[in-house]
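S.K.: What Swiss-Prot shows for this protein is this:
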BINDING   ASP61, GLU85  Mn(2+) 1 binding site
COMPBIAS  1-12  compositional bias 'Polar residues'
COMPBIAS  17-30  compositional bias 'Basic and acidic residues'
MOD_RES   THR2  N-acetylthreonine
REGION    1-32  region 'Disordered'
Amino acid sequence: MTAEGSGSSTAAVASHDPSHTRPSRREAPDRNLAMELVRVTEAGAMAAGRWVGRGDKEGGDGAAVDAMRELVNSVSMRGVVVIGEGEKDHAPMLYNGEEVGNGDGPECDFAVDPIDGTTLMSKGMTNAISVLAVADRGTMFDPSAVFYMNKIAVGPDAAHVLDITAPISENIRAVAKVKDLSVRDMTVCILDRPRHAQLIHDVRATGARIRLITDGDVAGAISACRPHSGTDLLAGIGGTPEGIIAAAAIRCMGGAIQAQLAPRDDAERRKALEAGYDLNQVLTTEDLVSGENVFFCATGVTDGDLLKGVRYYPGGCTTHSIVMRSKSGTVRMIEAYHRLSKLNEYSAIDFTGDSSAVYPLP
């Protein structure tokens, strides 16, 4: 009706004419969990932030687990932990197989590492992060058979030349060519472990530079995929759970990771073979996380190449997070300001701040 109460106007009639109807979207946008999920890693980082440099890995990790477990049950999803703190008998919370979320929303695989780099956190060193990944139910690789895998990761521009079965020297040269760099311009990120002595020797023989990290190869893999990070390639053996979480991030960024399972001993090798795993198979990014709707969130605990750590001010703190979604390709960097006195009024998590001080607005 028009404002005067008479019949339909010409414009109103036209709006109902099928020839004037806008083409509908192919599908309604599904619920974007990213902003809900980042609250979980923020909570983990803020809880662990109180333990930085105190020499207690278990204390810091436990605080992060408690905080994340409390927050994750407010997230609109029906999640199952596929990568968590271990088996139920050894992990009271966030154990493998635990159901998480508020019971509404999509069915999801949930992978979490409350602190990637517990040693880094306990010593106050750089690059400790709180991290999680979510994907469609049944799309994450089962990491239970073999604890370690050999990995190589690179960003989108060189994803098509990666070959974990080739010598590292060939991979370095191939990536350098695609990126229009000299081999001597390349930087390879490697975990500083005795098992990597030959790998380090081979990389040095090419003339490429090396960045050795003591822990935290999830952050290292992400750095290899981000432009202007100073890292061009990640290589070496690290944890299988961390490899799957890194693959979720890499799916969102369009990079590539390849991996092969690396049993520690004959017993683990037999376990993997009996479970039907092919130890010679090259696992691609899509093999590790096959879903089309993947979310990844990380919040810095200590300062690092990727994220700033938790910073405390009178009455509050700041957190720095990265949030990614594969379906949209969106990568968000979020700097959040938290007034701890306000949080403690309603939160079951004790973030313990000076409630009498002035809140630091941005």
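Every residue gets a Cβ built from N, Cα and C, even glycine.
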S.K.: Other than its own, how many Cβ atoms are within 10 Å of the Cβ belonging to GLU85 (Mn(2+) 1 binding site)?
M.R.: 22
S.K.: Around ASP61 (Mn(2+) 1 binding site), how many other CB atoms lie within 10 A of its CB?
M.R.: 21
